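Straight from TrEMBL, the features:
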- 8-237: domain 'Ion transport' (DOMAIN)
- 87-109: transmembrane segment (TRANSMEM)
- 171-193: transmembrane segment (TRANSMEM)
- 205-228: transmembrane segment (TRANSMEM)
- 290-309: transmembrane segment (TRANSMEM)
Amino acid sequence: IFQSEAPYLRDRWCQFDGVMVLFLWTSVVLQVFEITNRIPPNSPGSALRILRSPRPLLIVRVFRVFLKFELPRNRINQIFKRSSQQIYNVTIFFLFFMSLYGILGVQFFGEMQHHCVKNGTDLKNVTVWDLAVPDTYCSPDPSFGYQCKNGMVCEYLDLPKEIMGFNGFDMFTTSIFTVYQAASQEGWVFLMYRSIDSLPAWKCFLYFISLIFFLAWLVKNVFIAVIIETFAEIRVQFQQMWGSRGSAAQSDSSQVIQSDGESWKLVIMDENKTKGLAPDALTALVKSNLFHTLILILVLAAAITEASLHFDHKTKNPKDTLDNFYYSEVSMVL
């Protein structure tokens, strides 16, 4: 295992297999304890279920079977050295923005525990029948936020996290979790609406718009750029080893095989040659940048027209509004 000609524990794939086997046996032992009720479902020992989470990593073995290539070790080390340094820098960049917006969330928002409840509700024994439908956050200050209506009052509810959820900005740890949820762009609008109902709207707009820009767009694209650059570096290393094979592919890329009745021949295709009965002037117009720009402007105008649809039942007839939008949509499509 340690001192043979090919030690088992010095091979990276063997180390991976050994760790996976360890996690599999741990999962089997946990399953036995759960079946025999030695670990109750809600006991602290049930947290050991997290040891089952690495099992899906077994799919990595598929890449080992189907993706086999050899490079000199010095070139592999060079590629990993460059890519690891770039990934390290991007990770620090990501953690910086996560920490920054986690701290800003605590400073800007803090606890948001005010809800609309029925007037006269016992705050020590709040039930689901006492809350608004749907559950609505509110602001105790009438100068901003949402104000409760229809016999509802805004009250502070001291409820546990198991009921209210674990996202929020009341402490740094939950704030980091909330920032990560918003950066994934899954359900972040509900967090923003909750903040708008509880606090001044300008804080919410400034915080969430900048968060989406930096974390969801900028950092994500930087990660993608680093991965693309790493694969480009691997391709360059292969080209240096095997030589460039792009010239033959490029020379044959614009040729097709055609039959003249007696034999097959490679015929060069002219992409600029007109096809069909369209005049040359019309073909040139369709391929021009001006025509493409005009089409994009029409698409943008159609999107703006559809987005401006709203209903005013007091001053306008909704049927007339829909008819106008129908005619405009038909004209845009044509």
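Any Cβ shown, glycine's included, is placed from N, Cα and C.
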Long-range neighbours of the transmembrane segment (87-109), counting only residues six or more past its ends (CB under 8 A): 168-172, 175-176, 178-180, 183, 195, 198-199, 203, 207, 211, 214-215, 219, 222-223, 226
For the transmembrane segment (205-228), distant same-chain residues with Cβ under 8 A (at least six beyond the ends): 83, 86-87, 90, 93-94, 97-98, 101, 104-105, 108-109, 179, 182-185, 188, 191-192, 195
Mean predicted confidence [pLDDT] for the domain 'Ion transport' (8-237): 83
